[in-house]
Amino acid sequence: MCYEDGSRMVEAMSTATTAATSGPAPAAGPSRPRLGWRLRFGALSLIWGFSFLFIKVGTEGYAPFQVTLGRLVFGTAVLAAALAVKRQRLPRGARTWGHLAVAAFLLNALPFSLFAYAELTIPSTLAGICNATSPLWGMALSLVALSEDRPTRVRFAGLGLGFIGVLTVLGAWQGFHGLDVTGTAMALLASLSYPIGWIHVRRTLAGTGDSHLAMTGAQLLLATAQLAVVTPLFTSFPTHFALVPLLAVAALGTLGTGLAVLIQYGLVAEVGPTTAQMVTYFIPVIAAAAGVAVLGESLRWSTPVGAVIILAGASLTQVRPRSAAPRRGAGNCATSHDGAADGRRQTADPASRRFQRSA
């Protein structure tokens, strides 16, 4: 969930972390304990993995648009505080803000709302696994929209394997029996929205010169404004405020949409995008475990098997020829999140990159 993208767009789409800054990414200090980044890696995986549980609990007390608006308000507040502490300003220029508005819709407002509506009828475990398909959509789209993204046999194999995994999760051989088609379609559309957003970011917002934090803060602010307009049109003001769902929305926004972005950016700066993006593969596992252990959701055998196949395919889609050197000067990107990724789903140039998933 940040201003993410560079020469390796598919890599950016499969992680939810971005780091384009006006200068080179800071190197890890020699005195920093190596355990530190591992703890933050684990925290980020847990935050984004639990995001789907928070969405599910939030929708038990509030309408989906209200859940999305709440998470954006809390997430924006966290980044606003970070901007104030660092004394950074929001980006300037009508063109930049116009493209940011599109990015906010594709990377935040739309997918966050779709996941919230999807979880009215599908379990959080399935939503978390659907979120893991973003790298597959990203690779397929990049082959069409990004001329410099060359297809390879391995990546095509990963794409095919990933969609076999999707069909396995959905139980295609049983005619999708017992599956809520509408809810599942919404979750998959949410996952598709992230790579579309990143392609837009790559084409329009690379090299603005603004910091990762400023671009992400502006994007979340615009997404909040979009939901503030839409929510009253489709929902009524709550007559009472259910405490547990409200706490879930607060955790979803503060942790999954706000704090996670800051953790993610630090990880990319310290250990690089390749290691940081590995958090992608833990999100569906944690989402499934949380749904089963906390919410008592059931799992068919095909769900974890399909999830493993999806993750294997997603990893293959990011294999690059050794001779393919990343392009420099990729510029800034903005976050998507939830892991994707509050994350979820960044730039992938040598200096800075991203992960936004996404939920």
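Numbering starts at 1 and runs along the chain as displayed.
The backbone N, Cα and C atoms fix where each Cβ goes, and this holds for glycine too.
Annotation comment: TrEMBL describes 322-331 as compositional bias 'Low complexity'.
Summarising the annotation, TrEMBL assigns domain 'EamA' to 44-170 (among others).
The helix, strand and coil residue counts that DSSP assigns across the domain 'EamA' (183-316) are 111 helix, 0 strand, 23 coil. Annotated domain 'EamA' per TrEMBL: 183-316 (among others), in sequence order.
TrEMBL lists 322-359 with the feature region 'Disordered'.
Taken from TrEMBL, the feature transmembrane segment applies to 41-59 (among others).
If you look up TrEMBL, you'll see 65-85 (among others) marked as transmembrane segment. Sequence-distant contacts of the transmembrane segment (65-85), counting only residues of its own chain at least 6 positions beyond either end whose CB sits under 8 Å from a CB of the stretch, comprise 55, 58-59, 108-109, 112-113, 116, 213-214, 216-217, 220-221, 223-224, 227-228, 230-231, 234-235, 238, 246, 249-250, 252-254, 256-259, 261-262, 342.
According to TrEMBL, the transmembrane segment annotation covers 97-118 (among others).
Residues or ranges marked as transmembrane segment in TrEMBL: 124-144 (among others).
Residues annotated as transmembrane segment in TrEMBL: 156-176 (among others).
The feature transmembrane segment is assigned by TrEMBL to 213-234 (among others).
The transmembrane segment feature in TrEMBL is assigned to 240-263 (among others).
The transmembrane segment annotation in TrEMBL covers 275-295 (among others).
Secondary structure by DSSP for the domain 'EamA' (44-170): 101 helix, 0 strand, 26 coil. Sequence-distant contacts of the transmembrane segment (156-176) (same chain, at least 6 residues past either end, Cβ-Cβ under 8 Å): 126, 129-130, 133, 135-136, 139-140, 184, 188, 300, 302-303, 305-319.
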